[in-house]
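As given in Swiss-Prot:
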DOMAIN    7-78  domain 'KRAB'
ZN_FING   172-194  zinc finger
ZN_FING   200-222  zinc finger
ZN_FING   228-250  zinc finger
ZN_FING   256-278  zinc finger
Amino acid sequence: MHSLKKLTFEDVAIDFTQEEWAMMDTSKRKLYRDVMLENISHLVSLGYQISKSYIILQLEQGKELWREGRVFLQDQNPNRESALKKTHMISMHPITRKDASTSMTMENSLILEDPFECNDSGEDCTRSSTITQCLLTHSGKKPYVSKQCGKSLRNLLSTEPHKQIHTKGKSYQCNLCEKAYTNCFHLRRHKMTHTGERPYACHLCRKAFTQCSHLRRHEKTHTGQRPYKCHQYGKVFIQSFNLQRHERTHLGKKCYECDKSGKAFSQSSGFRGNKIIHTGEKPHACLLCGKAFSLSSNLR
């Protein structure tokens with residue numbers, strides 16, 4: 001095993017052209033900062049020594065007063081063609097908000113005579129994203145987990161395309177838990193689980209609900225109306241859904257299976273509760289103290 005070389009920030013910098021950087025909105029630039037800091041963190045966890053530079057401090061403080069240029073070859077002498085294959089120039093210079101210059105000079109450039117070589121595969125990596133991806137491939141680490149399905153991902157940048165799998169055709173997305181819906185009505189109804197809002201109240205007992213259908217179902221408990229009956233045991237229910245759920249207990253049928261633990265459930269509520277255990281999601285937050293819970297019953 002080769003000894004792990006000491007790296008600088010420039011060795012792990014993902015590079016963009018000035019035009020690409022200008023086209024990135026605030027969220028994309030934030031994602032870039034997160035990727036850079038995560039790259040550094042993962043390399044340290046793999047045993048690499050990272051020199052802490054001024055640029056890293058800028059990143060940690062959330063500042064964006066610098067730009068990068070794309071890696072390219074600088075060919076000014078045709079006799080040095082073979083040598084230039086090992087020479088890469090990256091512009092890495094601090095700027096001020098008043099700096100609108102688009103020129104790049106040798107004074108503001110960093111020459112890397114040798115690209116990074118992976119100790120496991122021996123592959124030459126000229127881009128920092130390739131460096132980190134290569135190291136994570138050998139280590140087997142997949143540090144990013146999808147909140148929706150629990151799938152582990154190796155690269156932070158790959159989480160964005162993965163999210164689109166879950167949100168495809170669903171243009172209304174919750175900014176708190178990233179759940180997506182096909183229409184704004186369902187999104188507003190979902191947000192009530194975060195805010196605790198319950199606009200539908202029973203006029204008899206004042207119990208409140210997030211949905212009108214839940215209120216109508218509740219009102220039947222006051223009237224005693226139970227139109228759905230189990231033919232095997234004679235048990236009656238307020239809703240047809242409750243009857244169907246009861247009948248599954250006779251059949252021993254468990255339709256909902258967790259792909260993580262293999263545990264099966266006869267009811268979707270039990271399946272959803274089990275799924276939250278794996279993801280660690282706590283979507284129900286107290287408006288007074290901010291404490292969050294995985295189940296709405298714990299919040300109440």
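Note that Cβ sites are derived from N, Cα and C of the backbone, with glycine treated the same way.
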For the zinc finger (200-222), mean pLDDT (0 to 100): 86
The zinc finger (200-222), counted residue by residue under DSSP: helix, strand, coil: 11 helix, 4 strand, 8 coil
